């Protein structure tokens, strides 16, 4: 795990923010969000193992990914995780509580696939159909994914133009497959009652990948959490509703 992009703070900054991307992406997914966060915050966006420029020398493991992020943190930090990155953030908070001051989980999950005791999850065929497109032609489908997320968003073409060239460098194919397999196997529900930090949950009302019911499950099981559903957003609220998302997150962190 490498800390790839870091924005230095002003001398009086006291908050450290770490941004953790989702499957099939890399740190550049946050390129449009970072400038909207307070200039006094030191913000680091990381690449998960095998994604972006991060090396991949072992099977992808959610717990190991969380440990790698923890190794970069020297004082309790505010963690924002998107999709798979939110799952990593849950493991980080449970395994390294001394490293986490607050959590923001956006379009994320404790478990991705449905089970008898977890109807909130996705049916396996639906999940397979969604990820199959990315496997067949990543560059094509990541652009289509962004276009769908930013539908009706002002300057959508500009946002896509800024982040797509770097985002399309998706990383190691074997790592992406292993990360997907790990996400499908993972079940962090048993960790939720161990997490004792402020939690903000932000979901998109139109998200078909991690629908709001997954956020409702997290909200019920993470004590003291706050759930916000952006009704017109889909799987990337921090892109499609960047200003509103940044303001929401800023107020949350400032209030911790």
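Note: Cβ is positioned from N, Cα and C throughout, glycine not excepted.
Straight from Swiss-Prot, the features:
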type	residues	note
ACT_SITE	83	active site, nucleophile
ACT_SITE	207	active site
ACT_SITE	235	active site
BINDING	23, 83, 84, 145, 146, 147, 148, 149, 235	substrate binding site
DOMAIN	17-241	domain 'AB hydrolase-1'
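Feature map: annotations from Swiss-Prot on the structure.
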| residue | record | CB count, 10 Å |
| --- | --- | --- |
| 23 | substrate binding site | 22 |
| 83 | active site, nucleophile | 26 |
| 84 | substrate binding site | 29 |
| 146 | substrate binding site | 20 |
| 148 | substrate binding site | 14 |
| 207 | active site | 22 |
| 235 | active site | 23 |
Nearest-integer angstrom distance between the alpha carbons (Cα) of residue 84 (substrate binding site) and residue 207 (active site): 14
Three-state secondary structure, which DSSP defines for residue 207 (active site): coil
Recorded positions clustered about residue 83 (active site, nucleophile) [Cα within 10 Å; pool: 146, 148, 207, 235]: 235
Separation of alpha carbons, residue 235 (active site) and residue 148 (substrate binding site) (Å): 9
Spatial neighbour of residue 235 (active site) that is closest, considering only the recorded positions 23, 146, 207 and their CA atoms: 207
Cα distance (Å, whole number) from residue 23 (substrate binding site) to residue 207 (active site): 15
